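Engineer: Before we start, here is the structure in question, set down as structure tokens.
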Amino acid sequence: MYGIEYTTFLIYLISIILFNYILKSITRMMDYIIYKFLLIVTIASIFISAQNYGINLPITGSMDVAYVNTTKDKPFLTSTLCLYYPTEARTEINDNEWTSTLSQLFLTKGWPTGSIYFKEYDDIATFSVDPQLYCDYNIVLMRYNSSLELDMSELANLILNEWLCNPMDVTLYYYQQTDEANKWIAMGQSCTIKVCPLNTQTLGIGCQTTNTRTFEEVATAEKLVITDVVDGVNHKLDVTTTTCTIRNCKKLGPRENVAVIQVGGADILDITSDPTTTPQTERMMRINWKKWWQVFYTIVDYVNQIVQAMSKRSRSLDSAAFYYRV
């Protein structure tokens, strides 16, 4: 009897040892196969490399994150408000304490004095080169000037919308705009943009690709240019790259934490003629006062109504970061 029990025990022990050996052998074999496969893939990746030289690359990478509209009755209790105004406003008011006075007046509307920031800019052209909107809510004041009407419209179009942008190398490639939301945005001290549309044989339509003097000039010595050409047609571009940077951009939608207030002028600037601007923007309005004190008093009175037409965002627009986004 004892011999049978010992024999059974030895059989179980040998079976366990044999099963363990088989498992280890299978594990080593699988490790070998996996490591060999990874080695082959690694070596192959060194010799097989792909680079996209296409001229119509997808525009990718957004620095803006959408947030839902605030539903709080008093968002100003935990928010910041930036008020952008031209230098002429401070010059006309000529009072060293004017911002403190306005801060106290904003306090009567529920805005703590530490939540209001006054940001000065020289003029529309200068502001166009580097607009920076850092607060939860941003109100930009623009004094109407008939000679700068188009510049004001372009600036409003830029800051009232979110854009996705990629760099353009106009010296090597030709480009096309895929749809109405696709624009070329140029910024710099002096931007002159010329274009030459191409046919399917890449020959110039009404211009010579080898002679930039035959190109159509769409902008001359401007600081901000939003260029719109015929969609689906390749274009050769000539840009003053030493003083200007151009990007291939796609309009994503409204930047809802920004409002533009036009000061004076017979008509309010309208950027809704652009088919991509839908619905009609409520964040562009006009104040008809001659004196800047009157302008600021009106803004204080209606600041909460203005903010209710906006949407709080926790991100900012820095045109340098936004514009060089790849």
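Yeah, the Cβs are placed from backbone N, Cα and C, and that goes for glycine too.
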Engineer: Swiss-Prot pairs Cys135 with one of Cys82, Cys191 in a disulfide bond, so which one is it?
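Structural biologist: Out of the candidates Cys82, Cys191, the one Swiss-Prot links to Cys135 is Cys82.
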Engineer: For Cys249 (disulfide bond), which of these recorded positions sit within 10 Å, Cα to Cα: Cys82, Cys135, Gln177, Val229?
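Structural biologist: Near Cys249 (disulfide bond) by Cα: Gln177.
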Engineer: Can you tell which of Cys82, Cys249 has the most other C-beta atoms within 10 Å, given these are the disulfide-bonded residues?
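Structural biologist: Counting every other Cβ within 10 Å of each candidate, the maximum falls on Cys249.
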Engineer: Given the recorded positions Cys82, Asn145, Cys196, Cys207, Val229, tell me which ones have a C-alpha lying within 10 Å of the C-alpha of Thr214 (Ca(2+) 1 binding site).
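Structural biologist: Within 10 Å of Thr214 (Ca(2+) 1 binding site): Cys196, Cys207.
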Engineer: Cβ distance under 8 Å to Asp301 (Ca(2+) 2 binding site), same chain, sequence separation 6 or more: which residues?
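Structural biologist: The list for Asp301 (Ca(2+) 2 binding site) reads Lys109, given in order along the sequence.
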